[in-house]
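**Q** This is the structure I want to talk about, given as structure tokens.
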Amino acid sequence: MGKPCVGVLALQGAFREHAASVARLGAETREVRQLKDMDGIDAMIIPGGESTTMGKLLVEWGMLDPLRQRIEKGMPVYGSCAGLILLCREIENSDQPRLGVLDAVVRRNAFGRQVDSFETELDIPELGQSPIPAVFIRAPVLTGVGPRARVLAQVNGQAVAVRQDNVLATSFHPELTPDTRLHRYFLEMCGN
Ligand code: GLN
């Protein structure tokens, strides 16, 4: 396979930064705003933002079911923060549209109002020896992870990065840091 064409869902949120991280690694990117933009993409990134808004727009634009089907057929997908929420099977504290392809239970805004945002460093052995910088913004945590999903990183004993086959999800925003290891890992999942 040549360079993968990575779609970045561009309905709302921090999509430009993801596209820039992927482009820096030499992959082609495409902003996905409507169903036809998904034609010919090899993978998809669902950015951070507001998961309720993004879910509603996916339904309104008729993209939720087609995207779920593509992922179920094996298309690699990476969701960060709101993107992670949209991927989960169950959202503890909300009944909102979602893709539900990741066998995990998520709690939105899990760090509470007082610690709205913070930056830390996480050990993710699969990404290399040195810890990776991670920015958390009104971030979720996974309170339950099914047997098919592998936890890649934790904060306070709770999962904040997981991989399940072709699905990668993080509670944090690697696209807001200069460290591209997470995006590189995702491109490897895309066969690059
Ligand atoms: N709190 C947001 C939500 O629930 C996610 C925040 C983010 O993506 N930075 O959708």
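All positions are counted from 1 along the displayed chain.
Each Cβ is built from the backbone N, Cα and C atoms, and glycine gets one as well.
Not measured: the values here are computed from a predicted model.
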**Q** Check TrEMBL for me: it has Gly49, Glu50, Ser51, Ile137, Arg138 binding L-glutamine, so pick out which one of Arg16, Arg107, Arg108 it puts in that same site.
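**A** Site partner of Gly49, Glu50, Ser51, Ile137, Arg138 for L-glutamine, according to TrEMBL: Arg108.
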**Q** Within 8 Å of the centroid of the Cβ atoms of Gly49, Glu50, Ser51, Arg108, Ile137, Arg138, which other residues of that chain place their own Cβ, given that this set defines the recorded L-glutamine site?
**A** Gly13, Gly48, Cys81, Ala82, Ile85, Asn109, Ala139, Pro140
**Q** Among the recorded positions Arg108, Arg138, His173, point out the residue whose Cβ has the most other Cβ atoms within 10 Å, with all shown protein chains included in the count.
**A** His173
**Q** Taking the Cβ of Ile137 (L-glutamine binding site) as centre, how many other Cβ atoms lie within 10 Å?
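**A** Looking across every protein chain shown, the total is 19.
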**Q** By a 10 A CB contact count over all chains shown, which of the binding-site residues listed here is most packed: Gly49, Glu50?
**A** Gly49
**Q** Looking at the active-site residues Cys81, His173, Glu175, which ones sit with their CA no more than 10 Å from the CA of Arg138 (L-glutamine binding site)?
**A** Cys81
